Amino acid sequence: MAKEISSELLNTILTRVGGPGNIASCGNCMTRLRLGVHDSSLVDPNIKTLEGVKGVILTSDQVQVVFGPGKAHRAAKAMSELLGDAPVQDAAEIAAQNKRQLKAKQTSGVQQFLAKFATIFTPLIPGFIAAGLLLGIATLIATVMHVPADAQGTLPDALNFMKVFSKGLFTFLVILVGYNAAQAFGGTGVNGAIIAALFLLGYNPAATTGYYAGFHDFFGLPIDPRGNIIGVLIAAWACARIEGMVRRFMPDDLDMLLTSLITLLITATLAYLIIMPLGGWLFEGMSWLFMHLNSNPFGCAVLAGLFLIAVVFGVHQGFIPVYLALMDSQGFNSLFPILSMAGAGQVGAALALYWRAQPHSALRSQVRGAIIPGLLGVGEPLIYGVTLPRMKPFVTACLGGAAGGLFIGLIAWWGLPMGLNSAFGPSGLVALPLMTSAQGILPAMAVYAGGILVAWVCGFIFTTLFGCRNVNLD
């Protein structure tokens, strides 16, 4: 049974972030409790010393408390219940806080824009992982047992049943993204879902598959619903903005009847005329860029080496649209295993620190508590509890990840590109059965395992040689 987050711990965290009156919002991603704050000067950074807290990330308007997978959701739910009993603030306090919030938005616009991706995609990640694991296990069984694609019987039926979830997810994914994106940008979710469905419909009357829209051009202009996720994100943003403008001038009595109607008509027109072509060009450009980086060993090394820094700044969710674009263009996510090497490099760095530390030191205890999650692809406990506070090991961990990325890039350059079978999934050792390639699942698993091994070894060596000098090993 999952261990609950104690109310004492949450009350202590609440006190150290300035009390209920300093909380602007409460949410979570996969591993972090995210508390929006009005005044960051009231936040005590020593939250990270509390037992049960694996790390803390502070920005100008947000406190991110690292708990780990599963626990973050429970912490956010319990914290929301605590905040439900918070005292109401007076108008002067609210006005002062709004001023501070506005200033914070002006100084962290890029970070807040990228945070939108977390709002859009984080609710979908458990589904990505579940569908990807089922597909990976089914593919592995079919490969090992040599089950033909057209085989009949109980086992083939069971394997097809395990694969159907991935097909369903990716067939209708744009609708889920459209719904979440419209809400994230301040609009109505169902309007975003309807607009996203326009990208899913077919506009070729001669096609024998798909869902025909009923027309093949838009008042004589050709329709080309390319761009998929990129176009849907742009369209959902436009839909939310248009809805806000329409609602501003709509009488209250007509709001429910006409606001969505007018919003959909205007947004759909923009989608057919501008957004679909624009999304297609952006999609092709993004796919070309990252496919060429993926096939360039040095590009892979740079991507893997910098990914831990993206995690620290909380902008790693910005890669998810790229993952989806690569799934559309390649049939697998070739970027994800490259970026996963960052976590493997950190495991090697942590093992080096453990080796160099004193037998009964606090550092060894910290590594023991964080190494298993690290091996399984959950890197935050190692980042915030072990490597980042000591800085040099964090740098050598990045170098270890870069070495793993270089290895995968070299293998792709030599003719065996591989990737994740889903847009998103677990990293670390858990991701092994999710790897796939044109040559099959077993070669892809071997390449990924080789990359992890290279990152472990290089992270260990770099940290032993360069990451332990003048570093606190107690």
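Note: Cβ is positioned from N, Cα and C throughout, glycine not excepted.
Residues or ranges marked as domain 'PTS EIIB type-1' in Swiss-Prot: 1-89. Mean pLDDT for the domain 'PTS EIIB type-1' (1-89) in this predicted model: 80.
The feature topological domain 'Cytoplasmic' is assigned by Swiss-Prot to 1-123 (among others), with sequence analysis given as support.
In the shown protein chains, 23 other C-beta atoms lie within 10 A of the C-beta of Cys29 (active site, phosphocysteine intermediate). The active site, phosphocysteine intermediate annotation in Swiss-Prot covers Cys29.
According to Swiss-Prot, the feature domain 'PTS EIIC type-1' maps to 115-474, an assignment based on sequence analysis.
Feature annotation from Swiss-Prot assigns transmembrane segment to 124-144 (among others).
Marked as topological domain 'Periplasmic' by Swiss-Prot: 145-157 (among others).
Residues or ranges marked as transmembrane segment by Swiss-Prot: 158-178 (among others). Note on the transmembrane segment (158-178): residues 120-121, 124, 127-128, 130-132, 134-135, 137-139, 141-142, 147, 192-197, 199-200, 228-229, 232-233, 235-236, 324, 327, 421-423 of its chain, located 6 or more positions outside it, place their CB under 8 angstroms from a CB of the stretch.
Long-range Cβ contacts of the transmembrane segment (181-201) within its own chain (Cβ-Cβ under 8 Å, at least 6 residues beyond either end) map to 116, 119-120, 171-172, 174-175, 210-213, 225, 227-228, 231-233, 235-237, 239-241, 243-244, 260, 263-264, 267-268, 271-272, 276. Feature annotation from Swiss-Prot assigns transmembrane segment to 181-201 (among others); the stated evidence is sequence analysis.
Swiss-Prot lists 202-217 (among others) with the feature topological domain 'Periplasmic', giving sequence analysis as the kind of evidence. For the topological domain 'Periplasmic' (202-217), the residues of the chain that approach it from at least six positions outside its boundaries are 223, 225, judged by C-beta separation under 8 angstroms.
Under the heading transmembrane segment, Swiss-Prot lists 218-238 (among others). Outside the transmembrane segment (218-238), and at least 6 residues removed from its termini, the chain residues within Cβ reach (under 8 Å) are 120, 173-174, 177-178, 181-182, 185, 187, 192, 195-196, 198-201, 203, 267, 270-273, 275-284, 286, 321, 324-325, 328.
Residues or ranges marked as topological domain 'Cytoplasmic' in Swiss-Prot (evidence: sequence analysis): 239-260 (among others). Sequence-distant contacts of the topological domain 'Cytoplasmic' (239-260), counting only residues of its own chain at least 6 positions beyond either end whose CB sits under 8 Å from a CB of the stretch, comprise 181-182, 185-188, 190-192, 195, 266-267.
Per Swiss-Prot, transmembrane segment is recorded for 261-281 (among others).
Taken from Swiss-Prot, the feature topological domain 'Periplasmic' applies to 282-301 (among others). Residue counts of the topological domain 'Periplasmic' (282-301) by helix, strand and coil are 18 helix, 0 strand, 2 coil (DSSP-based).
Summarising the annotation, Swiss-Prot assigns transmembrane segment to 302-322 (among others) and lists sequence analysis as the type of evidence.
The topological domain 'Cytoplasmic' annotation in Swiss-Prot covers 323-334 (among others). Residues 170, 173, 228-230, 283, 286-287, 290-291, 294, 412, 417-424, 436-437 of the same chain lie 6 or more positions beyond the ends of the topological domain 'Cytoplasmic' (323-334) yet place their CB under 8 Å from a CB of it.
What Swiss-Prot lists as transmembrane segment is 335-355 (among others). For the transmembrane segment (335-355), the list of distant contacts is 290, 294, 300, 303-305, 307-308, 311, 316, 319, 322-323, 326, 363-364, 367-368, 370-371, 374-375, 377, 379, 382-383, 386-387, 390, 393-394, 396-405, 407-409, 418-420, 424-425, 427-428, 431, 435, 448, 451-452, 454-464, 467-468, 473: same-chain residues at least six beyond its ends, Cβ to Cβ under 8 Å.
At the 8 Å Cβ threshold, with sequence separation of at least 6, the transmembrane segment (369-389) lacks contact with the transmembrane segment (441-461), having fewer than 3 such pairs. A coil conformation is recorded for Cys29 (active site, phosphocysteine intermediate) in the three-state DSSP classification, outside any helix or strand. Taking Cβ pairs closer than 8 Å, the topological domain 'Periplasmic' (145-157) reaches no residue in its own chain that is 6 or more past its ends.
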